[in-house]
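Asks: What TrEMBL records for this protein is below:
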- 12-30: transmembrane segment (TRANSMEM)
- 185-613: domain 'Anoctamin transmembrane' (DOMAIN)
- 194-219: transmembrane segment (TRANSMEM)
- 225-246: transmembrane segment (TRANSMEM)
- 299-322: transmembrane segment (TRANSMEM)
- 342-364: transmembrane segment (TRANSMEM)
- 385-406: transmembrane segment (TRANSMEM)
- 418-440: transmembrane segment (TRANSMEM)
- 488-511: transmembrane segment (TRANSMEM)
- 578-600: transmembrane segment (TRANSMEM)
Amino acid sequence: MEVWKFICSPLLVVSVVLLLHSMLLTLSFVPGAELFVEQLGPSVEAQEKENPNIFLVGASWQRLLSGAEDVGLFKEYNDGSMRGFTRANKHNFKDFKGDGDGFLSMAECQYIIKHELETLRAKDETHVPGHSQAKLYPGKSIIRRLLSKGLLIQIFPLHEKEELKRLSFSWYKKVKLSLQPLDDIRHYYGEGQALYFGFLEYFTFALVPMALIGVPYYLFDWEDYDKYVVFAVFNLIWCTVILELWKRFSASLAYSWGTLSRKKAFEEPRPGFHGVLGFNPVTGREEPLYPTAKRHLRIYLVSLPFVLLCLYLSLYVMMIYFQMEGWALSVHDEDPTFWTGILIFIPSIIYAVVIEIMNLIYRYAAEFLTEWENHRLESSYQNHLVLKVLVFNFFNCFASLFYIAFVMQDMVLLRQSLATLLITSQILNQFMEAFLPYWLQRRRNKKMIRKVQKKRTLEEKELPLVEQVRLEADMSTYLGTFDDYLELFLLFGYVSLFSCVYPLAAVLVVLNNITEVYSDAFKMCQVFKRPFSDPAANIGVWQLAFEAMSVIAVVTNCALIGMSPQVKAYFPESETQLILWTVAIEHGLLAFKFILAFLIPDIPKHIQIKLSRLEFESLEALKKKKMLEAVELSKTFQ
C-alpha cells in the first residue's frame, strides 16, 4: 500500500528535506506514517545523473498534535503547571486555540516529524526495492537503514525564511546589552541549542564579578603575588557557587520548556553499529549483536594505549617548547632590545598554535577510535568520545602551565604563558569557528546562485524552493554543541586554575564570550544547515566535566597559595609543615565545596512542589483507572 502520499498540500508545515538516490525508493514499503511528502521539481542540475532526488516531508496540525502525544511532549497547563499533552484534554492547555495552529513550537514540529520518520519499521520486505544489497529486517528502522547504506544522502529541516529573519534581528543583527532571546532560540532550534546559549550567557555574567575584582589586582598589584592569595580563595568559592546555581537556573529553563519531566525515549542502536544478527531480549526484535567483552578489549588494548601515546607526544612537544622558551630568554638576557622583547613571546604563540593543531588532529583520531569500538547506543558513543577528547585537551592545554607553576615555580613565566596561550587560542577559535566557515560558505553560495540565475526568469524575485533546498543542502552540517562546550570548558579551566596569577584572564574570557554569542548566532543562522531539535533537560555530561575542573581548581589554587612567599613566611624552618597545612586546608575546602553543593538544591523548591504534585496526581489517576477496571471486570463475572 502506498502510504507516503506525494501531494502538494496547504497543510504542509515544518518541512524536513530528504535527499535520496532513487525516486521510487520508499513508495512500496514504508508503513503508515500519515505524513505529507512532496517531490520537488527539476532543478538547474536536473540533467546530472548524480543529482539526488529531493522530497519535502511535512504534516498537518492534527497529525502533529497526535505526534506530540506520542512522543510525550510537556506543555503548560491552564493552572501554570507543565503536563504531558493529550488530545483529549487539549483545550485545558494554555495557548491552545482553534485547531491548535501555532500551539507547538517549530522545533517541536520538526522533532515530531523526525520521530515519525525514524520509527517507520520494515514489515515483510526483505530488501529495499531496487537495491537488493540493502537488506531489511522486520521491526527495524527504515530511515536508519537507508542512512547506513548511503541511499538516503541527507535529512535535515529546512529554514523558515521569515522566522529566521525575525530571530536573526533580535539575536545578533543589532548590538544590545539585553539578554539573549532564549525562548525564541528554543522555539526555532530546540532546547539543546537554547540551553547552550543560556549556559554561555550565564557563564559570561558569572565571570563579571571576577573580572571586576581582577582589574584592580592587575593594575595595582602587578608584581605583588602575595595579595593574589585573596583572589585564589575567591576562585575556590566562585567555582562551586556558579556551577550549583547553574543547575537551578537550567532546571527552571528546562521545566518552563517542558523537558525536565519528560521521560527518556528507548534508545535504538546507532546507525553505524554492526554485529552478528540476533534477537534483542528486551524488544524481541532482530538486530545486530556485538559482544561487550570484545568491545572492552578494543578499548583497553587499543584505544587506551593510543590515548597514552598521544599524551606522551603532547609532553614531548611541551619539552620542545620549553627549550625554545629558554633559548629566547637567553637571547634577550644577553642583548635586551625591542625585538628580543618580542622574541620572548614567539615560542608561546607557536606552542599555542601547535596545541590547536594537535587538538584538531586528535579529535579526528578520537572519533575514528570511538566509532571502531562499535558502541551500540549513541549515548555510550558520546560519553566515550567526550572522555577521550577531554583528557587529551586538558593535558595538552594545561600541562605546560602545571609544569611552570609547580616544577619551575616561575610565576612571571606562568603569567606570560597563560596570557599568550589564552589570547592566541581565542583568536584561533574565532577564526576557525566563524570567519573560515563563513568565507567557505559564501564561496559555495556564490557558485550555486550563479547557476540558479542562469535559469531564472525576470519575474522570479525570490529563490525557487528547489534551489533554496539545494543551497541549504550544500551548507555545512552543524555537528552539535560538542565543540562549543569544549571551548567553554577550556576557558573555564584557564580562569579557575591559574587566574590568580593573571587576573585579567576573566576579563579576556568575558570579551571572548560576548563575541562568541554573536559569532555562534551568526553561524547558526547563516553558515550551517538547520539542525534537528534536541529536547535536552540539561547540559548532560558537560556538567560533570565542569564540576571535575572545579575540583582540580581547588587543588591548584591551594598549591599556589602554599607556594606564595606570604604563606611560606609562616613556616620558615619546616617545609614539611607547610605541605601538611596546605593539604589539610585543601581537604577542608574540598569538604566545604561538597557540603555547599549538597546544601544548594539542584531544583528550586517551587518546581519541586509542582513536580511532586504532578506525580501525586498521576498516581491517583492510575488508582482510579485500576478501580474502574476492577469494577468492570467484576461486572463481567456476575
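Every residue gets a Cβ built from N, Cα and C, even glycine.
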Asks: Name the range, of those listed as 194-219, 225-246, 342-364, that has the largest tally of Cβ pairs under 8 Å with the transmembrane segment (385-406).
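Replies: Answer, by Cβ pair count: 342-364.
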Asks: Can you work out which residues elsewhere in the same chain, 6+ from the ends of the transmembrane segment (194-219), have a Cβ less than 8 Å from its Cβ atoms?
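Replies: That would be 179-180, 182-183, 185-186, 227-228, 231, 234-235, 238, 242, 245-246, 249-250, 253-254, 257, 481, 484-485, 488, 492, 495, 499, 502-507, 509-510, 513-514, 516-517, 520-521, 536, 538-539.
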Asks: Six or more residues out from either end of the transmembrane segment (578-600), which same-chain residues have a Cβ under 8 Å from its Cβ atoms?
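Replies: Contacts with the transmembrane segment (578-600): 236, 239-241, 243-245, 247-248, 550-551, 554-555, 558-559, 561-562, 567-568, 570-571.
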